[in-house]
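Presented below is the structure to which this report refers.
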Amino acid sequence: MKITYCDALIIGGGLAGLRASIACKQKGLNTIVLSLVPVRRSHSAAAQGGMQASLANAKKSEGDNEDLHFLDTVKGSDWGCDQQVARMFVTTAPKAIRELASWGVPWTRIKKGDRPAVVNGEHVTITERDDRHGYILSRDFGGTKKWRTCFTADATGHTMLYAVANEALHHKVDIQDRKDMLAFIHHDNKCYGAVVRDLITGEISAYVSKGTLLATGGYGRVYKHTTNAVICDGAGAASALETGVAKLGNMEAVQFHPTALVPSGILMTEGCRGDGGVLRDKFGRRFMPAYEPEKKELASRDVVSRRILEHIQKGYGAKSPYGDHVWLDIAILGRNHVEKNLRDVRDIAMTFAGIDPADSKEQTKDNMQGVPANEPEYGQAMAKQKGWIPIKPMQHYSMGGVRTNPKGETHLKGLFCAGEAACWDLHGFNRLGGNSVSEAVVAGMIIGDYFASHCLEAQIEINTQKVEAFIKESQDYMHFLLHNEGKEDVYEIRERMKEVMDEKVGVFREGKRLEEALKELQELYARSKNICVKNKVLHNNPELEDAYRTKKMLKLALCITQGALLRTESRGAHTRIDYPKRDDEKWLNRTLASWPSAEQDMPTIEYEELDVMKMEISPDFRGYGKKGNFIPHPKKEERDAEILKTILELEKLGKDRIEVQHALMPFELQEKYKARNMRLEDEEVRARGEHLYSFNVHELLDQHNANLKGEHHE
């Protein structure tokens with residue numbers, strides 16, 4: 001039996017895995033990266049819109065800093081995130097942007113003077129300062145106070161992935177693709193690597209290491225309609241679950257992106273709306289201002305997705321053979337802007353829908369027939385233009401994943417996890433656009449460093465016989481799938497699983513339908529034990545891969561559905577129509593799913609409390625819908641009083657915002673990442689003789705005063 005030894009084993013070759021591999025090589029470790037596909041084909045490349053980091057370079061970004069990025073991230077998560085992790089993230093993100101620039105990422109840059117833009121559906125002129133010429137530009141994204149999303153046109157993930165992959169090659173990281181991880185090797189609650197199948201030859205071997213880091217991405221493919229690549233089936237997270245030790249966090253927290261192309265499901269980046277694109281119904285009306293007067297199309301993703309579906313349910317969706325949808329109008333931006341800044345969107349729309357989204361020519365006025373006369377709140381009807389893109393919400397991102405602590409350590413010692421595969425828990429119950437590729441790189445930096453330090457100190461304490469036993473177990477299972485007498489067809493089971501998840505565990509959830517989904521998923525899981533593969537070869541066999549992966553996917557589907565059924569509240573992307581309020585009194589916690597015994601047919605669910613008394617910002621009104629639509633935590637007022645007292649005391653002592661923040665909620669982070677981020681406007685504040693950052697203390701004070709006055713509810 002073949003066994004390969006190394007110091008650091010990284011499973012997954014996207015942004016998080018590759019960046020972590022660089023951290024390992026920088027410490028002199030023998031590092032191997034295993035990837036299902038050539039690493040430049042990883043799903044990280046599909047990210048279009050940008051990466052959030054509070055640089056505050058551009059006109060519309062002035063005044064931005066870590067505090068505002070932190071506040072947006074916490075509010076976006078619907079107070080479901082780990083606030084210490086959010087602080088680690090926002091502090092490191094500006095450093096990550098500049099590191100990527102030094103590695104060759106061609107960030108779109110500021111050009112001094114006037115530039116045209118579309119803001120809130122109106123054509124405006126933005127004047128960039130002469131002294132900011134050449135600095136990194138940022139665009140608007142949903143759920144943010146400032147324009148914070150740095151970008152390279154609409155191919156940000158692609159350029160980032162190529163730069164990080166090149167840097168990994170520069171450091172001579174051993175990257176091996178077409179490798180499929182089947183199971184983790186573990187003994188006495190410690191992980192020592194993985195059993196791996198070569199997709200081309202079918203050979204099953206072991207990679208034994210001092211430390212293992214999982215970075216295999218999300219689990220979107222358990223749904224039928226998703227923007228995710230075919231490799232995003234969550235098999236890595238499921239393998240962690242199958243150890244019986246590692247746990248999955250917040251699996252019911254599934255994001256549905258508002259603007260997926262109909263019918264293909266390919267993402268139409270949030271940059272379309274960030275740059276000024278609008279959503280229209282079948283009558284051509286811009287309907288989002290009626291639902292979200294402040295943020296409109298740039299409300300958080302979970303909010304926009306719900307509003308689109310609510311509007312469609314009212315009968316205002318455009319008809320198509322693939323179901324009702326609404327329109328995304330970016331022709332309003334002008335052809336020059338679309339072809340320069342949204343060229344990938346244009347290519348995708350033309351290739352997969354036959355639509356030139358820059359075409360503002362009138363196609364028909366027939367769509368305006370029957371427009372209600374008594375609904376001025378939805379705006380004016382408009383003739384259908386040729387360039388409008390058909391879109392509707394589809395599964396997009398996995399907030400849940402393998403539960404880790406802030407250092408990336410899972411419940412299984414020696415196993416780390418980073419990126420979308422992890423529940424680090426930066427995103428809570430809703431992720432902000434632009435925080436995903438940002439998290440992938442930042443987690444690769446922070447967790448990669450902690451992982452490398454672990455590998456430097458750890459020892460391999462497992463004998464060859466135990467490793468060979470893991471190899472044999474996987475070999476026997478492959479033989480069973482190829483030669484058992486079962487009659488079940490893998491594709492029939494997989495397709496029905498996806499349909500159940502789409503139909504009953506989607507944007508809107510309800511107890512009875514979740515119970516129905518759970519029952520059917522259990523039946524499918526039982527059937528998956530009797531799958532027999534028709535193609536009998538071990539090598540180059542996609543049917544075999546689907547067979548062993550489908551059983552893992554069903555375990556994840558059960559975790560998602562069980563978590564959604566038990567969580568009797570609505571929080572972020574988890575919307576229960578039978579429990580419409582966010583309930584901080586009962587549900588300010590994190591769901592943990594485990595599978596301690598292979599004989600189980602359902603996950604074990606437990607909960608991890610989020611401690612209000614350790615939060616920098618206590619749970620409050622998120623800013624969408626009715627103000628009273630949440631049940632406050634009983635300790636909220638006590639924590640608010642503590643926060644206010646601390647701010648007032650430190651302000652009297654002349655402390656700046658960073659010192660105030662540290663007093664409110666200390667967090668651990670490597671010194672090189674925790675160092676202060678300097679911005680151009682910092683020097684201007686100093687030049688005026690003002691107290692650096694003091695204006696943010698007042699802003700925070702105003703916020704907490706409002707909380708104490710009861711302005712967080714009606």
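Just so it is clear, glycine is given a Cβ too, placed from its N, Cα and C backbone atoms.
Around the Cβ of H257 (active site), the number of neighbouring Cβ atoms within 10 Å comes to 24. Marked as active site by Swiss-Prot on the basis of similarity to another entry: H257 (among others).
Under the heading active site, Swiss-Prot lists R273 (among others), citing similarity to another entry as support. Counting every protein chain shown, the Cβ of R273 (active site) has 27 other Cβ atoms within 10 Å. In the three-state DSSP assignment, the secondary structure recorded for R273 (active site) is helix.
Counting only same-chain residues six or more apart in sequence, the Cβ atoms lying under 8 angstroms from the Cβ of S44 (FAD binding site) belong to G14, L15, A16, G157, M160, L161, V437, A440. Annotated FAD binding site per Swiss-Prot: G13, G14, L15, A16, S42, H43, S44, G49, G50, E420, S436, V437, in sequence order, evidence recorded as similarity to another entry.
Annotation source Swiss-Prot lists tele-8alpha-FAD histidine at H43, citing similarity to another entry. For H43 (tele-8alpha-FAD histidine), the same-chain residues 6+ apart in sequence whose C-beta sits under 8 angstroms from its C-beta are G14, G217, G218, N228, A229, I231, C232.
Ranking the binding-site residues G13, S42, G50, S436 by the distance of their Cα atoms from the Cα of R273 (active site) places G50 first. Within the same chain, residues at least 6 positions away in sequence whose Cβ sits under 8 Å from that of G13 (FAD binding site) are V33, L34, S35, L36, V37, P38, V39, S42, A165, I175, D177.
Neighbour density for L15 (FAD binding site): within 10 A of its CB lie 36 other CB atoms from the protein chains shown. If you take the C-beta of S436 (FAD binding site) and look for same-chain residues 6 or more apart in sequence within under 8 angstroms, you find A47, Y397, E420. A 10 Å cutoff on Cβ-Cβ distances gives S42 (FAD binding site) a total of 29 other Cβ atoms nearby, all chains included.
The Cβ of G50 (FAD binding site) has 31 neighbouring Cβ atoms from other residues within 10 Å, across all protein chains displayed.
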